Structure formats: C-alpha cells, structure tokens
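Straight from TrEMBL, the features:
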DOMAIN    249-508  domain 'GP-PDE'
TRANSMEM  66-84  transmembrane segment
TRANSMEM  104-131  transmembrane segment
TRANSMEM  143-164  transmembrane segment
TRANSMEM  184-205  transmembrane segment
TRANSMEM  217-235  transmembrane segment
TRANSMEM  521-543  transmembrane segment
Amino acid sequence: MGATQTEPTLKLGKLAMARQRLLQRYEHRPFVSCLAGLYGCQWRCYQLTHAQPGHCCCSKLECGSFALIVLTFCLSLVFLYFWSEAQNDYNDFDWFNFGNLGFWFPWSIVLLILAVFLFTYVAGLLLLAVCLLSEGQRLYLHWCHKIGISVTLILSIVASSVLTDLWSKEWMTVLLSFQVTAPYLHIGGVVLMTLLSWPIALHVFRFLPRVRGMAITVLYITVLVTLFLVPLGMYSPCIKERSSLGSAPALIGHRGAPMLAPENTFMSFEKALAAGADGLETDVTISYDGVPFLMHDKNLRRTTNVKDVFPNWTHTSPAMFTWRELQNLNAGSWFFSQDPFGTASSLSPDEHLQAQNQSVCTLRDFLDLAAQHGKLVIFDLYRPPRGHPYRDAWISRTLDVIQNESSIHSSQVLWLPPELREFVQEIDPELQQITADLAPVEDLQLRHISRLNIHYSFMSEKEIRKYSAANISTNLYVISEPWLYSLAWCAGAHSVATNAVHILKNLQRPLFLMTPDEYRLMWTLTDITSLILVVIIFVFHWWRERELALSVDSSSVIENGSYRQFRTEMNDVWSLSNMSASDKQEPSL
C-alpha cells in the first residue's frame, strides 16, 4: 500500500518540478511588464500577450512598425554622425544662414541637439523592442510612438537632403572622418553584433521553425564574419610607425584668432600670435579712396555696426566706402551680441573692453604686425566692383602697400590671387606664389608655385606626398577640430589655416595614432573575443532549451526549435497538480 502511494507521489513530484521549470520563464516579472508599458502602454500581465513557441512574436502590422523603427534608427544614426562630424564648419553654416535670413542664431548647435534627441528616442524604442522580443513578448507599439517614429524618419530624411543640397561638401568630411574613426567603428560594430547574438540565439532555439531559424543564423553569421574581415580593406593615415610621422603642420591664424577676438581685427591677430601661430591669414578689399583694408564679407552687416551708422548702406559693398567712413564703424561689438563660437565670456574685463573698441584694420597695420613677429601672411584679394576708382589698379595698389608702405619683406607674403600672376612675379619676384589649383606638378613648376592652398575636403596623403616630392608644400583650410588636424598631420600636410590656434597648438601628437602592430593586435583580440562569446551564447541557449524540453518528458524531443508537446504537457502538469491537491484534501484509508 505504501509503495502504491509512493509511486504517484514521486511522479507528481517530478511533474511539479517540471511545471515549475516550464513556468519559470513565464512567471510574471515586473521589468517585462515595465518594458511592455514603456513600449506600447501595455501595462497588463504579459502572459496575455506572450507568443506561443513556433509562432511569430508580433502581427504583420507590428512587424512593419518594428521594421520602421530599425529603418529610422539607421537614418537617424547617419544624420547624427554626419552632423557631429561637421562641427569643424558650424561657424560657416551659421553665417550662411545669417546671410540668407538676416539675423543671427546658432542653428548648428540646435540641429546637433535635435539630432541627439531623435537618435536617443529611436534607439530607446529599438532597445525596448529587442528586450521584449528576447522575452518572447508580442509587440504592441503605441500610436504615440508610431507618430514619433514617423516624424523622426521624416525629419532625418529632410534634414539630410537639405544639407546635402546646400552643403554637399560635408559628405567629404564624413568620408575623411572614417579614416580616423573606422578602427573604432569596427569595434563598436563587433560589440553590437555580439550583443545581438543573445536574442537571435534565443529565438532560433526557442521560437522559430527550423528553416527560418537556419536562414536567420546564416544571415547573422555572414554579417558577423564580414564585419570581422572589414579591417583587411581599411585605410587610415594615422596607422603608421611613429618614426615615419612628420612634424606637426604649421598653424596659420584664419582671420586671426576669431574664437578669442573679433575676426580680422588687430586684436584678433595679436591673439593668434600670442597663442603661437606660425602665420596669419586674412581677406583684403580696397576702399573707394584706395586704402586696402581687411574685410571678408560682401557687405558690412555681420562684422560692424553699419546698420546704426549708415542704415541705408547695409547691403553696399565695403569697397564703396571711403576710409574715413570705415573708421567711423565699430568692428568689435558684434562679437559679444552674437558670440559666434560661444567663447566671448572667456575674455577678461580688460579684453572685453579692448574688443568692444576694435575698428576696421588696414592691410598696412596687418603686414607691420606680421613683420614685427617674423610671420608669414596669406590673403584673398577682392577686386572692387564696377565704377570703383581702383577697379583696374587693385593689384598694383596692393603691391604698393607691400613694397613701399609696410615693413614686411616680400618673401613673407604668400601671394594667392590668381589674376595677373605673371605681372605680379615680374614686379616682385620674391613673393611666394601659391594657388588653389590642383594642377599637374610640371604646370605648377612652370608657374613658380611653391605652395598649394586647398580646402581640407580635398586632403589626400598620396597627393600631398606627390607634390611634396616636387618641393611644393600644402596648406589646408579651414581646420579647427583636433581630429581633423590630426588627420592632416598624419597625411603630411605642411600647414593649416585654423580658427583654433590656441587649441591645436597644445596637441603633442595626432589623435588616434597607432602602429600597424598595435592595430592588428586590437583588431585580432576584438574578433577573437567576439567569436568566443557568440559561440558560448549559442551553445548556452541550445543546452538550456534541450534540458528544459527533456525535463518535461523523457520522450519529448526538441523539434523545429520549439516544444512539440508544449500545450499537452502543460495541461498534464496543471491537471496532475490539481489531482494532487484534491488527493491531499481526501482522508486517507
């Protein structure tokens, strides 16, 4: 009698244990309910929305919503990366908008904040979706999130399209950034794929039919292996032996030090020299009465108070003002009202007062300052408009200031204007001739060109070295971000025009510089570690599902990655458990 009672008791004990193990993963867990609530405002118990083994975790509509989230995540990531790498040119972007809209606003920073917010929002929803899928939950994206995802997708597409149309050269900046960030993006990609192995392995062994599971596994492994091998085709100038690294490019203050003082003012150039600039760059036009002075824009609205002094001449060319009229303008107060680099507050009270009282600077004063410190100068020269007295004598007048009115030596001047170059060489052969023309070496040598002045987006280590071999140096403009300066350094550039002399001067070595052996070690360790973790994760999920299936019934097998008798066994467990409870209530015989 005792043996007869013992056998059902043991069976019930085993089944109760199996029931506990089967239901362990399906018991209510608050964090799953929280995830479902955040994702779709589904705060009810998750058992009501749990996917059955072998079934899809969401409806066709929700599959489409999940695909939309993935697409939006990718596009918002592209937009965020594009705009974050464009920081070097934020100032140009804001002034471009100023010229078109007529008022100053830091659009670049607002756009960056918006890009970060949108990406964070979409990334959060994607993470919630992956976590819910990992728990076998059906997805129910709330309509508010669907609207938010749609808005994010539209904004990302529109912003990228508009910026591409207005500022297409920034995509070259993105391509350049890959030369320094690619090794680290590779590591990030491998880490992401390694993390994805957990939910993928879970679904392959628990939920998906065999054919679909194999297809997803093959696709995942293909992507992972491709990512492992990406470094074989990777190129970066900053992966080189330290002994082959040249000296740091010379720093030429672009319009002085515009982060520390109003651009193209005497104070700005003094600041640049104090920060360690090796040369100075500016823009020159000629007043109506023949005084060459420093001014970049086509009118005086941005960098002077012309609106207050000459309200009817705000759109007039600077060249149409006499020097006496120009002397009446303040060229420094705008720096504090607009604060283009967000650095105006860093000035001391004395510097603040000095900047407030800056006036338009003459070419002669600029050249004398450079001569006093033994620095090189480079400038753009703007031809006066039609009807100007010096319309045809603009180059002669500028040469006259260099040769007869200033104390600078001609060899310190990098002559950039392409017009009448042969005439200029004949008048003053000691001027250093430079050009923005990427012509063949032989052609440049015939024109006695000693230096190239090109936009940094055309940076190429191969081209720089080709011209350097012919004793033609390269100056890149305008580089203000440390990562971009590091790339120019690794590529062998001889000098750069910069808004940030005070920042770049402190770099002791290029950022992201590593030897080929160091990079191979980093690459190999990353791939091996990832491969080991992925194998462990897949084996773990296979073992766990196999053990759990066998614990229900010794005759139960794992087929198609799901439990073939899941519902029957669960019913048996429940019924036997209830029988056990009833037996306990009956009196023993």
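Including glycine, each Cβ sits where the backbone N, Cα and C put it.
Unlike curated entries, TrEMBL annotations are predicted automatically.
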Contact yes or no, the transmembrane segment (521-543) and the transmembrane segment (184-205), 3+ Cβ pairs under 8 Å, gap 6+: yes
Intrachain residues whose Cβ lies under 8 Å of the transmembrane segment (143-164), provided they are six or more past its termini: 39-40, 65, 68-69, 71-72, 75-76, 78-79, 82-83, 111, 114-115, 118, 121-122, 125, 170-171
Stretch-level contact, the transmembrane segment (104-131) and the transmembrane segment (66-84), CB cutoff 8 A, at least 3 pairs: yes
Residues of the parent chain within Cβ reach of the transmembrane segment (217-235), under 8 Å, 6 or more residues beyond its termini: 179, 182-183, 186, 189-190, 193, 196-197, 200, 204, 519, 523, 527, 530-531, 534
Other parts of the chain folded back onto the transmembrane segment (66-84), taken as Cβ under 8 Å at six or more residues beyond its ends: 58, 111-112, 115-116, 118-119, 122-123, 125-126, 129, 139, 141, 146, 149-150, 152-153, 156-157, 159-160, 163, 170-171, 174
